[in-house]
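Visitor: Below are the features I grabbed from TrEMBL:
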- A:43-78: domain 'EF-hand' (DOMAIN)
Amino acid sequence: MESAIQTVVKTFLSSTRGKENLDGKAFKKLIQNQLGNIMDDTNSSSAIKEMQQGLDENSDGKVSFQEYLTLIGYLANSLSQSKTGSNADAS
Amino acid sequence: MPSELETAMESLIKVFHRYASKEGKTGTLNRRELRELMENELSNFLKSQKDPAAVDKIMKDLDTNGDGQVDFEEFVSLVVGLSIACEQCYQMHMKKTGMK
């Protein structure tokens, strides 16, 4: 579990390439490279743009580490729900 | 093929449900399950996990709806908190070693 947390952190840090936040381009790249399997619409630039704006709580046009974690938390929640949902169906 | 990040998220979900299904209500962690999870999965991150008061405190902090159980959403705040702590460590580490 610790290595999973490290992966979450490292993925963000390597995507920012030394900067503090993800700009639009870096965010798009992260979504497409890392989350293409669990998210729909990762090929649509406008969908990614919309998502970025949804995450951008302080409206600075960038995605901070906190805002990135909001996305991870949200995705983990919906993944977990779909998992327990399908388990309940199977049993 | 799942990416590294997707694999990591999946393993977080699996860990939660592995402990959550042990006893009591499945799908949530009670105090004992949370303690076991912290002892087994986070022993390097949380050195003070042997302190029973620390478990109580973390439990209280996580349990935002006050039902005495930690559900997945509440568990995510623990992961977020640990990630932030972990990120700050990295930043400090990089500053110390001198970033390229």
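Residue numbers in this text run from 1 along the chain shown.
A Cβ is built for glycine as well, from the same backbone N, Cα and C atoms used for every other residue.
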Visitor: Kindly state the mean pLDDT of the domain 'EF-hand' (A:43-78) in the predicted structure.
Guide: 93
Visitor: Please list the DSSP helix, strand and coil residue counts for the domain 'EF-hand' (A:43-78).
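Guide: For that range the per-state counts are 25 helix, 1 strand, 10 coil.
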